[in-house]
């Protein structure tokens, strides 16, 4: 047996053994909790109805890949065919996860960070380093080893230098290390250095591997290969052990251990597969004494073809929803108002009472009420339109199941709304889901709120079609929903709430008459008050808040999202973490403030009362100018409506994948990722709003000034400060913009901007948006 055949045999046996162990570990990923709420694991099979088809495939792809690898370890006769199967399965799983995460972001429920948050280039760099180091020991495979080690360095460079949706990781690390001397004690400084070491691990190992290019290792499995494969999992195990010593014995520890096992399996599988393929590629088959089976080239072609075909199918499933809608409206009728305003609300509340009661007893009487309300609802719907009647029948029958999933709730009402659109009925129903944690586990309460459509407007932005519905609440008034407008990524249109805009117009007129930026009851330096609980929805719903001078509500995880799951009073923090909506994910209506612990750490506005009064005086003067320029209360209402419309249309365009501006990451470094995402989307929408016609620039600037001057902390406060900085070109903080807020600088920025005309402010807003997001802001054009 030749030396090449001997080494190839060792590599083949190692690959087969790792496939059996690693495949089993990946298959056990089915039991990795999708998320953990109050130490209660939520497993993927219980949440599948909440996910779009592409999201379901993504959630199950690690398990499917593990099973495929495990089966191939017994069925594949040639090690090269097994290696091709491993790489094809892992590549497909990565593609399915990436595409599925993109699709889920537009829907009711995001993929969890444990599934979608890994960084393939970093893991690839470690695996290639281990494979290349082993190949360099074998004289016949050193040419391939050099290529593999070089590829490891390229993969690491791509990971650290290429910004995904914000700053490049290397830039972020550099900023963290620069701040090292500012940490309060040696303990914190050592902790920061250790975190930096962990973060740089996928770069340090490939760099260390370059030593083998000129000086091959002296053993078949060099120490560097062991560090590349097991170093990062070992470090993570140390963190888990520390948690164990601290008494963390719950579901989180078990999930962490399983995730570490899957990470180790992934690294080992990729390294062994690359090692076997590289040896088989550079060594003639006659020297390897291969078992009967497919030649390497044919196996590679089959694997590549399967990857392309299945990956393309997942890409098709994951395409974002089509925006824009044509809704030809008929006249409202008394029957339609009664159906959507009274009967639908009666059925929805009866179903909710039955759902609550049935968990304690049989609730037979409640069920009778639900069925009676359902009959009246469906009969009235059939009388209006046959298609609407069928949609209502499906709604009332399927909604009777206690395990009703949030996504199905949205789908059922989506069919109701589509039937109304096809029939030309001027009604829209907005579904929401409130998620609660109870002793028995998660509970979902399903609600529906009706609106009468007064106008359906169509637009284009570039090549994209958009739409906005101008609506009024119908029947029972929605509690805690004082929003001028809102947008869900999942839906093809934005909504402008006219009966919130009218009282808001009156508030603006009252403030302008006194040339102030304070409403009755507001105090200087206090947080901007709101009407109701919170404007936005967790990760999919972004909304304009009537109580904050036209402020757009901060949406849960993504700020303008698509499906709306109200996280209610139960769990605002959970919504921000992604449990309930996120931009097209499941929306949760939260207050828009960041997580409490982080929020408490944020600096409060600085400066003396005189500077604050000066800033508020400038704000009030700008507001008075804007109202005068509008030309009366009715034109002012039109201007506010158009500004709200432009704001929500920008949310429709941005979607959940808007790149996070570098300045947002810097200013909100102490906030959670969900809060940064939310602030980023609101910043985009507010700047876009300022490019609207008429008084929009000055009115939008007033909203931002109120955020900056009246807020003490929170996402909206940060949005106002960042917007004023980029609009004026002035820092409003201390040293290099990173210190305590200087209210005097805020007042100076406002005075500077006040001198600009509306056209100049529009242009400043366009330039500010382009500087933040790296491309020109497209104009919205109305479609007749």
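Backbone N, Cα and C define each Cβ position, glycine as well.
Feature annotation from TrEMBL assigns compositional bias 'Basic and acidic residues' to 523-533.
Residues or ranges marked as region 'Disordered' by TrEMBL: 523-547 (among others).
Look at TrEMBL and you will find 580-613 (among others) tagged as region 'Disordered'.
Taken from TrEMBL, the feature transmembrane segment applies to 53-75 (among others).
According to TrEMBL, the transmembrane segment annotation covers 82-101 (among others).
Within the chain carrying the transmembrane segment (121-137), a Cβ under 8 angstroms from the stretch's Cβ atoms is held by residues 11, 144-146, 148-149, 151-153, 155-156, 158-159, 162, 201-203, 205-206, 208-209, 212-213, 216-222, 224-226, 228-229, 232, 263, 266-267, 270-272, 274-275, 278-279, all 6 or more beyond its ends. Per TrEMBL, the feature transmembrane segment maps to 121-137 (among others).
If you look at the transmembrane segment (144-162), the same-chain residues 6 or more away from its ends with a CB under 8 A from one of its CBs are 119, 121-122, 124-129, 131-136, 138, 168-170, 173, 202-203, 205-207, 209-210, 212-213, 274, 278-279, 281-282. Marked as transmembrane segment by TrEMBL: 144-162 (among others).
If one looks beyond the transmembrane segment (188-210) by at least 6 residues along the same chain, the residues whose Cβ comes under 8 Å of a Cβ in the stretch are 119, 122-123, 125-126, 128-129, 132-133, 149, 152-153, 155-156, 159-160, 169-170, 173, 176-177, 180-181, 224, 227-228, 231-232, 235. Feature annotation from TrEMBL assigns transmembrane segment to 188-210 (among others).
The transmembrane segment annotation in TrEMBL covers 222-241 (among others).
Sequence-remote contacts of a segment are chain residues at least 6 beyond its ends whose Cβ falls under 8 Å from one of its Cβ atoms, and for the transmembrane segment (253-278) they are 8, 11-12, 14-15, 18-19, 21-23, 25-26, 28-29, 31-33, 36, 41, 62, 66, 69, 79-80, 82-84, 86-87, 90, 114, 118, 123-124, 126-128, 130-131, 134-135, 141, 144-145, 147-148, 225, 228-230, 232-233, 236-237, 239-240, 243-244, 296. According to TrEMBL, the transmembrane segment annotation covers 253-278 (among others).
If you look up TrEMBL, you'll see 299-317 (among others) marked as transmembrane segment.
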Quiz item: What same-chain residues lie close to the transmembrane segment (53-75): Cβ under 8 Å, and 6 or more beyond its ends?
Solution: 16, 19-20, 22-30, 32, 34, 44, 47, 81-82, 85-86, 89-90, 92-93, 96-104, 107, 109, 111, 115-116, 262, 265, 269, 314, 317-318
Practice problem: Please indicate, using numbers and ranges, the residues of the same chain that are 6 or more beyond the transmembrane segment (222-241) and have a C-beta under 8 Å from a C-beta there. | Solution: 126-127, 129-131, 133-134, 137, 198, 201-202, 205, 208-209, 212, 253, 256-257, 260, 263-264, 267-268, 271
